[in-house]
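Chemist: One structure coming up, written as structure tokens, with questions to follow.
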Amino acid sequence: MGLHLRPYRVGLLPDGLLFLLLLLMLLADPALPAGRHPPVVLVPGDLGNQLEAKLDKPTVVHYLCSKKTESYFTIWLNLELLLPVIIDCWIDNIRLVYNKTSRATQFPDGVDVRVPGFGKTFSLEFLDPSKSSVGSYFHTMVESLVGWGYTRGEDVRGAPYDWRRAPNENGPYFLALREMIEEMYQLYGGPVVLVAHSMGNMYTLYFLQRQPQAWKDKYIRAFVSLGAPWGGVAKTLRVLASGDNNRIPVIGPLKIREQQRSAVSTSWLLPYNYTWSPEKVFVQTPTINYTLRDYRKFFQDIGFEDGWLMRQDTEGLVEATMPPGVQLHCLYGTGVPTPDSFYYESFPDRDPKICFGDGDGTVNLKSALQCQAWQSRQEHQVLLQELPGSEHIEMLANATTLAYLKRVLLGP
């Protein structure tokens, strides 16, 4: 509650006390009432929140596949759907279909996919609703926030989205995100801290670059970036060429490749020329080398020409030279062998030999450090924090990460 002094009572206060009260009112931070912590919005990365699907399909790829369901079911993450044979059903349902005419994606016939839990944290705390440790994602961080006095679904909320798509196809999501931020500002008396991981940072940057500076100054207190692929990631070329099963032995890389290629967000995360040298060879074969200037031929040679169109659709979505326009805390992992380039004896349908560089195991250090360029391009602070030995996913539960986040939210 605010301090209300009735006019006829003011004269009864001693001069010293009146001066003290006025001084305290002037010095109070108008952005956040005393004793309150800033509300938090969590933005997950690629594969970083649950998806649900409902089926009414004209045909199926295998007699074991469900053709029709009465209600929505979890399509990501449900480990049972990734078993041999059943995974064919899963891929046919979760893939996107690219329309060359409209330059947009759509769901397969008879499949409807939705994102559960916008404004809640459950769909990004655990990717698997059974809450198995395999699917644990933001859980440790949210538990820490609760321990610091936050409440799930109130002053800490999740902003899940359809991570298969790039931002240009998720317009309603950004409208909902803006509305939620404004609502939290009103409910909790101050600007919001955005905490994003991996590709969620690119989504957040896309969002912030499209908001007026006055809006950002009012509603955003800080942006905490974890493992951001600002300049794209080298491993994307391997994902597109031969697939990547993320070391899950029951999933064949070529099997999962179809789904990975159909997600426009995959091509969006290819390395960018504002971070990488145009001379750098990312993929080497016995007959040809591919740099970032060779993407069109790369897509032709892997038999996925729609990928070149997807890249053209998404390459300019984020303006590299345009800073977010808010206080930025850029946390990045180092010291973990990270795929840097690939050599294929047989291209593209066999696993390559991998040359490693520095990074967090997924995001190359060169890409993560792109945020340094903004230090001279905005008035707001851009602070970098190295996380030595911190792997891309594990950094969310890293003690250093959590201690840093606590300082941002609650002070020293």
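Cβ from N, Cα, C; glycine included.
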Chemist: Looking at Swiss-Prot, which one out of C355, C371 binds Zn(2+) in the same site as S198, D340, H392?
Modeler: C355
Chemist: Pick from C89, C330: which one does Swiss-Prot say forms the disulfide with C65?
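Modeler: Checking Swiss-Prot, the candidate bonded to C65 through a disulfide is C89.
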Chemist: Are there recorded positions among C65, S198, N273, C355, D360 that sit within 10 Å of H392 (active site, charge relay system), Cα to Cα? If so, list them; otherwise say none.
Modeler: S198, D360
Chemist: How many Å lie between the Cα of S198 (active site, acyl-ester intermediate) and the Cα of D46 (substrate binding site)?
Modeler: 7
Chemist: Across all protein chains in the structure, which of the recorded positions N99, S198, N273, N289, N398 has the highest Cβ count within 10 Å?
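Modeler: Checking each of N99, S198, N273, N289, N398, the winner is S198.
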Chemist: What is the interatomic distance between the Cα atoms of C65 (disulfide bond) and N99 (N-linked glycosylation site), given in whole Å?
Modeler: 25
Chemist: Radius 10 Å, atoms counted are CB only; among the recorded positions D46, D340, D360, which position scores highest?
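Modeler: Result for the most crowded candidate: D360.
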